[in-house]
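Listed in Swiss-Prot for this protein:
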ACT_SITE  173  active site, proton donor
ACT_SITE  194  active site, nucleophile
BINDING   120, 150, 262, 264  substrate binding site
CARBOHYD  55  N-linked glycosylation site
CARBOHYD  95  N-linked glycosylation site
CARBOHYD  242  N-linked glycosylation site
SIGNAL    1-27  signal peptide
SITE      172  site 'Transition state stabilizer'
C-alpha cells in the first residue's frame, strides 16, 4: 500500500513537469498525493532512532546499509530527533525514501559553508545523487547563518525526485536544485540570497516560500535559475504557493529589497502562477 502511494507520487511529478515544461496538457488529481503515513513507517526497511530503539542511531549508517542499484523503493524511517550529520546519498543508492515524524520533529542539521572554505556544491546538509529519491516529513537545515554566505541545506543532483511535506531552512543558497526533474509538494522553504537555485526542472506546489532577514547589505532573491540553452526543458514553476516574509524580516521588510528572482544564466526560466505574493516582494518583481 505504501509502495503504491510512493509510485503514484513519482507518476504525478512527471505529469506535472510534462505539463509545465514539455507542453503536454495534464491535470492530475490532488488525491494522488495520499501517502498512508503510518503504513509507510510500519513497512520501513530500516529505522533510525536517537534512543537506540531502531536499527541505527545515525542516518548515515542507515544509508550505508541500504542496497545498491535497487529497483524498488527502500524506506528508511527516521524517528523524531535532532540528527547533526552531513548526509551523502550516492548514485548507486537508487529508489531510496527517507521518512520522518514531521517537519518540525525529525531534523537533519549541518553548518558547512563558504566562509569556512567549503564549495557551495559540497556544503549541503543532505546531498542526493541517486535517482528515484523521496523525502517526506523531515526538516533539512543549514545553521551556518547569513554571515557565512553560501550554505546549502539540500542539494538534489539527480532525476525523479520528490520532496513532500518537508521543511528546508538556511539563508544563502538554501535549496540547490542542481539538475534533473524534481517535485516539491507542501514544503516550507526559507532563505535570503538565491535561496532556490540551479538548473533543474522543478515544480513547487502548495509550498510556503519565506524570505528571511539577510546579512548586512544583502538583498533577498528567491530564485536563481540557470537554464543555459533555449532548447533546454528546465525551469522552476511555483503553483498555488504562498510567498511571504519570516517573523524576523517582517518588522523591517520595508528596508530590505526582496525579489522573486534573477537570471543566473542567459535562458533562466521561472514562473509563479496561482500563488499569493506578500508585499515583501519589491514592486518590480524581478531584479533590475
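Residue numbers in this text run from 1 along the chain shown.
Cβ coordinates come from backbone N, Cα and C, glycine included.
Look at the glycosylation sites 95, 242 and count other Cβ atoms within 10 Å of each Cβ; 242 has the fewest. DSSP classifies residue 264 (substrate binding site) as coil under the three-state reduction. Annotated pair residue 55 (N-linked glycosylation site) and the residue listed as 'active site, proton donor', C-alpha to C-alpha distance, rounded: 33 Å. When the recorded positions 172, 173, 194, 262 are compared by Cα distance to residue 95 (N-linked glycosylation site), the shortest distance belongs to 173.
It is 9 Å from the Cα atom of residue 264 (substrate binding site) to that of residue 194 (active site, nucleophile).
With every protein chain in view, the residue among the recorded positions 55, 120, 172 whose Cβ has the most Cβ partners within 10 Å turns out to be 172. Taking the Cβ of residue 150 (substrate binding site) as centre and 10 Å as the limit, one finds 23 other Cβ atoms among all the protein chains shown. Taking each Cβ in turn and tallying the other Cβ atoms within 10 Å, the top scorer among the active-site residues 173, 194 is 173. Around residue 264 (substrate binding site), taking its Cβ as the centre, 18 other Cβ atoms fall within 10 Å, counting all chains.
Residue 242 (N-linked glycosylation site) is 20 Å away from residue 172 (site 'Transition state stabilizer') when you measure Cα to Cα.
The CA atom of residue 173 (active site, proton donor) is located 5 Å away from the CA atom of the residue listed as 'active site, nucleophile'.
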